[in-house]
């Protein structure tokens, strides 16, 4: 093709199929050559002009605060606001030695593991079933994904109603089994409510991705699998699940970040600033120390620790997925 | 065969019950009176006070917050959602255009600087971000509410991917016809990107509307509260009261989730495609 008419309205596949798109995304790593086009404009100033707004915002609202976080993590702020003094790594050692912090870190790990596990497995189960049925497929899909649009604190509010001491149906239900649930007062009950709400909120996301991953598996592969293996369950474990592995791994990382950070709204609504006897996660602790406790240095040190965790997760994601995605 | 299909439907229906049940309960309960709810618990049948409750929530000052109406909060949520989505589309399109279609000296380092923003979510740098906003006197302003949220490069990568999939021949042809960078952008890139822009706009609107942490920090004046931000206020009032206004709390929750839920339902196809291909 020598001349593509300028009026041609269709670009090359604006929306490639779901799973294909997912993998394409991972191929687009920064290691890839950034100048993909054979022909480009040559202009000394224009690209900077186009980039200026984005870069300005990134510098003011991303790099500046990030550098500040790192910087103030090495300083101890005077409680009365009269300057601050350099304390080296003291903030970090204080944080890492504190039993309270380590307890919260432990809870965060358990919370993250449980939320990730349950939201992934329920999402996968529903996706497999929705992929299998023909009748009502679209209706199921619509009804199952809408919770995605709910903000975490709104989900938290709904959860508070369900677990309400007076009117909550879930509390009454638990009462039938002799479980006296006291969300907000009892540590374990509160943790339970947090996990239930967080899982509920995340199921649709996993459902969407698993379903589009399943639909990306070619019909020929499925048919071959059916011929080779009659047992549906075994077919799922030996053929379908390995093919879904890249999607699952991607979701594992996303769900981990979700449980670590995005659940803030859920936790805030359930705990309501009173962390006293309630379980909280590391992000919530950063917030509490920074805004309620006015401990700038400690809060910053915790921020930096979280930054490192995210950093490691992201690097892990890129390294690992590179090896995992072997087809397509 | 018939049996397995039957159980498939049973599982799916339980899933639907799990996901839709709470919404239904919230919607129905919001149409009862507070005292009624306190006495009889949540309800799955409609009560007779639907319009009454929503009118109170939307137009009456007071209630959970001091002097802001639900309507005003809804407006603020809209401003945040629309402003964020529009800003995101505009900024990221321009930046991606520069990255894909221009040859310039600092391209690689610029790319990396933008890429880095994907690594650190706002949650890990809340306190210093807040300090910066204080220094700039941007707390309790719409600018302070919207602009810092734009400092992440998700949209840029999305558009960059898309621009790369546009055939090179288009640019060659356009250049033969004598089109410059501006003309090419407006006459070729923008029309080609329409679906993409719409998909990103929708996803970003939902994302912006649902923001919680940042608005909580940025807005202390009630006049700037969004619906989602107001949720916490509801609960703070609730804790102290004898018979909490359950109905109004539910009504506000319904209002807070209605626009994003509607958008996800209506634009389901775009939404799923945009999501699975871009990740937020």
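The backbone N, Cα and C atoms fix where each Cβ goes, glycine too.
Keep in mind it's a predicted model, so treat the numbers as computed, not measured.
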Students should find that the transmembrane segment stretch in TrEMBL, chosen from B:106-122, B:123-139, B:225-241, is B:106-122
When counting C-beta pairs under 8 angstroms to the transmembrane segment (B:184-209), the leading stretch of B:7-28, B:106-122, B:142-163, B:249-272 is B:249-272
Quick test of the contact rule: Cβ under 8 Å, at least six residues beyond the ends. What residues does that give for the transmembrane segment (B:7-28)? 42-47, 250, 253-254, 257
